[in-house]
Amino acid sequence: CSLLPRQHLTGTLVLSVFTAVLGFFQYGYSLGVINAPQKVIEAHYARVLGIVPMDRLATNASEEDGPVPSTVPSTVPSTIPGTGAWGSTEGMLAPPEDPAASPHVLTMFWSLSVSVFAIGGMVSSFTVGWIGDRLGRVKAMLVVNVLSIVGNLLMGLAKFGPSHILIIAGRAITGLYCGLSSGLVPMYVSEVSPTALRGALGTLHQLAIVTGILISQVLGLDFLLGNDEMWPLLLGLSGVAALLQFFLLLLCPESPRYLYIKLGKVEEAKKSLKRLRGNCDPMKEIAEMEKEKQEAASEKKVSIGQLFTSSKYRQAVIVALMVQISQQFSGINAIFYYSTNIFERAGVDQPVYATIGVGVVNTVFTVISVFLVEKAGRRSLFLAGLMGMLLSAVAMTVGLVLLSQFAWMSYVSMIAIFLFVIFFEVGPGPIPWFIVAELFSQGPRPAAIAIAGFCNWACNFIVGMCFQYIADLCGSYVFVIFAVLLLVFLLFAYLKVPETKGKSFEEIAAVFRRKKLPAKTMTELEELRGGEVA
């Protein structure tokens, strides 16, 4: 039954993977939903907080002190999109005593609304291993869905209370859910997937993310939900996906690796495998699990601290952390969070539609990566993606810097943004989500996924909180910072990241156990030994 990979695809496996990655769909939706209606929500914040609009500041400044300084952040809107005016001032609170500080207050609340999502993810990511082992993979995903439903309800009801508080609280709680889900989902998918399909099914995490981003961008259009009346529904709509996932999880089998290795339930593991594999004989995978179980039994339970102190795991942990850092600090979230603003600076007349174009390209090339990852391998795609992003970041910077001199440079900037996203989806986007689960055997895997998840969310928070301030400070040169970081990540990946395509968990662990050689040399040795599976 192992002649063709498609013969591993059963209805139960497809249902299980689809249901699990709905968690990543919610993650992507939460990433993208805050972008398109930015000005509408900021305008609402300004009305609730009694902050003087920028057009009023401009009028006061021109009458008393001359023009408004150019250092005022560009995120503060002067109009509500589609109306040409700030909107009704009815019910607006009295302006603060220091109106000059108002733009900075608004920028602070907006940045917090964007980045508090990642704070929730950071906090909860440390508990992934515990809850996954305590409840099992499926039950854990069931329980954490409650967080998503609560968080989305708070955002959906934002107009019935202090909107900025409800949105920040809702995104924080949704972040708690996504932090848990971003660890539980790869753990479950990697454990239910056959080796031949592990990479392809692993890239579905990223496909779910970009699909969520794209749908949130489309729904965020002004004439759909991204307007002053409907934006709370827009923010809370991913709660529907949470409800769908909750009910579908009731139909999904538990991870056979969890049942066999963690609980010792051999017969239940066989039943789960038969549901997932159809008529295939489960004994080959059972034998592999037995080998992994014996290996895990020969070592003590691995804590997060031991991952760093034990020489057995140290190099694998460094690789796991660096691929997460490279994903977030590549600059991609700066584009996801602030793409509308970036297109405005590039001179695009309808930046929201350009942002949706990015989402479409994002989704298309993620689908392509599903087929590439088992053909070309993880390492080569990761390197190619980083190199392409580096060149795109340089081109983007050149386009933004020279825009004032040459109008056609706006096209250079736009093309660079699209290429940046394409190369991200080739490797640095999908691969970090599943390669961590591949780098570790059953024993250290939960702790490794927890620390890698925390690292990913911490980097996400730093980018979300700081990018707007850095962009205001650096102007057109902001992506030079990401270009330098991408060069560092490229060199590290070339020297240290091994190939994991087609290898069992134990084969990958064995690579790190014996390695004192660079990853490239190890990969070549593995290929010479026939370790690669075509």
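Quick reminder: no glycine exception, Cβ is built from N, Cα and C everywhere.
All TrEMBL annotations are machine predictions without curation.
If you look up TrEMBL, you'll see 12-29 (among others) marked as transmembrane segment.
What TrEMBL records for 16-501 is domain 'Major facilitator superfamily (MFS) profile'. Within the model, the domain 'Major facilitator superfamily (MFS) profile' (16-501) shows a mean pLDDT value of 80, rounded to a whole number.
The transmembrane segment annotation in TrEMBL covers 108-131 (among others).
As annotated by TrEMBL, transmembrane segment applies to 138-158 (among others).
Residues or ranges marked as transmembrane segment by TrEMBL: 164-189 (among others). Through the fold, the transmembrane segment (164-189) approaches residues 16-17, 20-21, 23-24, 26-27, 30, 34, 41, 45, 48-49, 109, 112-113, 116-125, 127-129, 131-132, 137-138, 140-141, 144-145, 147-148, 150-155, 157-158, 201-202, 204-205, 235-236, 238, 242, 255, 433-434, 436-437, 445-446, 449-450, 453, 456-457 of its own chain, all at least 6 residues removed from its boundaries and within a Cβ separation under 8 Å.
Sequence annotations record features per position, and here TrEMBL assigns transmembrane segment to 201-219 (among others).
The transmembrane segment annotation in TrEMBL covers 231-252 (among others).
The feature transmembrane segment is assigned by TrEMBL to 316-340 (among others).
According to TrEMBL, the transmembrane segment annotation covers 352-373 (among others).
Look at TrEMBL and you will find 380-402 (among others) tagged as transmembrane segment.
Here TrEMBL flags 408-426 (among others) as transmembrane segment.
Only residues 6 or more beyond the boundaries of the transmembrane segment (447-471), in the same chain, are considered here, and those with a CB under 8 A from a CB of the stretch are 73, 75, 107, 110-112, 114-115, 117-119, 121-122, 125-129, 175, 179, 182-183, 186-187, 302-304, 306-307, 313, 316-317, 320-321, 324-325, 327-329, 331, 333-334, 337-338, 341, 432, 436-437, 439-440, 478, 481. Taken from TrEMBL, the feature transmembrane segment applies to 447-471 (among others).
Counting residues 6+ beyond its ends, the transmembrane segment (477-495) has Cβ neighbours under 8 Å at 322-323, 325-326, 329-331, 334, 379, 382-383, 386-387, 389-390, 393-394, 396-397, 400-401, 428, 467, 470-471, 518-520 in the same chain. Annotation comment: TrEMBL describes 477-495 (among others) as transmembrane segment.
Only pairs six or more apart in sequence are counted, and the transmembrane segment (380-402) with the transmembrane segment (316-340) gives three or more Cβ pairs under 8 Å, enough to call it a contact.
For the transmembrane segment (231-252), same-chain residues at least 6 beyond its ends with a Cβ under 8 Å from one of its own Cβ atoms are 12, 15-16, 18-20, 22-23, 25-26, 29-30, 33-34, 37, 40-41, 44, 138, 141-142, 145, 148-149, 151-159, 163, 167, 170, 174, 177, 212, 216, 219-220, 225.
Tertiary neighbourhood of the transmembrane segment (408-426): same-chain residues 206, 210, 330-332, 335, 339, 342-343, 346-348, 354, 357-358, 361-362, 365-366, 368-369, 372, 381, 384-389, 391-393, 395-396, 398-400, 402, selected by CB-CB distance under 8 Å and a gap of 6+ residues from either end. Between the transmembrane segment (138-158) and the stretches 12-29, 201-219, 352-373, the greatest number of Cβ pairs separated by less than 8 Å involves 12-29.
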